[in-house]
Structure formats: structure tokens, C-alpha cells
């Protein structure tokens with residue numbers, strides 16, 4: 001693995017400097033959308049179709 | 001960062017494919033069978049309420065398994081890059097971090113909301129369960145962080161044995177939470193044995209998914225290291 005000696009704070013600072021807020025927000029929104037669809041979507045069609053998956057993954061919100 | 005994200009998504013996609021296949025071949029038939037048993041045992045037919053066919057459910061659920069892997073893999077890659085300097089374990093860092101992820105995303109919510117065996121019904125509505133679930137993920141993250149932080153801190157000053165002891169404390173606290181938590185499921189759809197077997201199946205499949213992500217991620221990450229694109233100096237790393 002890498003032999004660098006930077007800290008967690010350094011990594012956050014670097015990420016903050018390299019990635020502009022809009023990109024970060026877009027990425028976060030995509031992740032949230034995917035997570036929401038898989039875990040919490042209550043719309044009957046999508047909800048029922050993902051039924052087995054939620055059982056299998058042990059996600060309670062089914 | 002971008003390299004790590006790429007490794008994470010690749011690892012997640014590969015692990016997700018395996019997991020989707022598992023959902024298709026094992027989980028769906030098992031769920032179907034257990035619900036069948038449950039609907040014949042009592043009069044609360046869980047499967048009566050379905051609005052889509054069984055095949056659709058199986059296909060979409062398998063696809064959900066793949067996406068689940070990608071989601072976890074992407075989150076894993078980014079978070080691993082950010083927290084890597086604080087992780088113990090040297091070469092085994094990805095496994096430590098995958099364990100932390102498993103603890104936060106799966107184990108912590110299960111302490112209060114155990115995996116629902118087909119045929120059982122939740123006691124509370126989703127308006128209560130969704131915030132509870134998200135809250136428990138946060139709790140799990142804190143437990144994992146305290147455990148890892150305690151280990152690195154204590155093993156540096158008092159030796160490895162003390163580090164392991166301190167690392168276990170938050171985990172034991174989480175275990176106690178599962179004992180004192182009130183039951184959240186009802187219904188006698190499946191026998192205690194079947195129910196336990198189903199929970200082990202769920203637990204092992206999730207642990208396997210995380211392990212697979214860690215294995216594949218580590219492989220790709222080392223490849224980047226060898227090629228030098230994952231340079232430790234931030235200036236040498238492009239933002240893409």
C-alpha cells in the first residue's frame with residue numbers, strides 16, 4: 001500500500017481543494033437517489049419488485 | 001481519490017454481480033418458499049399483496065443486488081481513501097474498513113431491526129422504521145470509529161492486547177443494545193429454526209459481499225500503486 005504519512009484531516013483537506021462543491025453535491029445526490037430507491041421506495045410497483053432483495057439483504061424497510 | 005472511486009466501483013460491480021446472482025438463485029426461491037409456508041400456516045398472506053409477478057420480482061431483485069454492490073463499492077472507495085491514514089492493519093486495511101462498513105450498514109440496524117423472515121410482519125410503520133434505520137447506521141459508524149480509534153490509540157501506548165480489549169468495548173455495547181431492544185417483528189410465519197437459518201443466510205451473504213468488495217478493491221488498488229498513478233503526493237494526482 002502507499003507509504004505516505006498524511007493524516008485523515010489532510011485527506012479531507014485535499015479532497016475539499018480538488019473537488020468543487022457542485023461535483024460533490026451531484027455525486028451525493030446520485031448516491032442518495034440510488035440508496036433511496038433500493039431501500040426506502042414505497043411506491044408499490046418498485047417496492048414489490050425489490051421485495052426479495054430487501055429480504056435477502058436484511059433491510060427492514062420492506 | 002478518483003482512482004480509489006474507480007477501484008471501489010469496479011469492486012462493487014463485480015461483488016454486486018456475484019451477489020445479484022446469489023439473490024436470483026438462492027434468496028428469491030427461499031423467500032418464495034418461506035412465504036408459501038407462511039401463507040398456508042396463518043391467514044395473513046404476505047404474498048397476496050404483491051402487485052407484480054414473481055419473475056419480475058426475482059429479476060428486479062437480482063438487479064437490485066447488483067446496484068447494491070455498486071453503491072457500497074463506490075461509498076467504500078471514497079470513504080476508504082479519506083480514512084485510510086487512520087486505519088490500522090497495514091496490508092489488511094481494506095478488510096478492516098470493509099468490516100467497519102458491514103458493522104455500520106448491516107449489523108447495527110439489525111440489533112434493533114433484525115432481518116425480517118418472510119411471513120413475519122413489522123410491528124411499526126415505515127415512518128418510524130426508516131429514521132430508526134438511518135439513525136442506527138450512524139450509530140454503527142460511530143461504534144466502528146470508536147472501536148478502531150480506541151485500538152490504534154491503546155495499542156500504541158499500552159500494547160496490542162490492551163488495544164484489542166478497548167476495541168471490543170463498543171462492540172459489546174452494541175451487542176447489549178440488541179438484547180435490550182424491544183421486538184420489532186410479529187407473526188409466526190416460520191418456525192424459530194427456519195427463522196434463525198434465514199437470518200444466518202442474510203448475515204453471511206452481506207458479510208460475503210463486503211469481503212468480496214475488499215478483496216477486489218485491494219487487488220485494483222495495488223495495481224494502481226504499482227503503476228504509480230495512485231501517487232501519495234496530492235499534486236501528482238489529477239482531479240479528472
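Residue positions begin at 1 at the first shown residue.
Just so it is clear, glycine is given a Cβ too, placed from its N, Cα and C backbone atoms.
Because TrEMBL annotations are produced automatically, they should be read as predictions rather than curated entries.
The following features are taken from TrEMBL:
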TRANSMEM  B:7-27  transmembrane segment
TRANSMEM  B:65-83  transmembrane segment
TRANSMEM  B:95-112  transmembrane segment
TRANSMEM  B:132-152  transmembrane segment
TRANSMEM  B:164-185  transmembrane segment
TRANSMEM  B:197-217  transmembrane segment
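Among the stretches B:7-27, B:65-83, B:95-112, B:132-152, B:164-185, the one making the largest number of Cβ pairs under 8 Å with the transmembrane segment (B:197-217) is B:7-27. Counting Cβ pairs under 8 Å to the transmembrane segment (B:95-112), the stretch among B:7-27, B:65-83, B:164-185 with the most such contacts is B:164-185. If you count C-beta pairs under 8 angstroms between the transmembrane segment (B:164-185) and each of B:7-27, B:65-83, B:132-152, the highest count goes to B:132-152.
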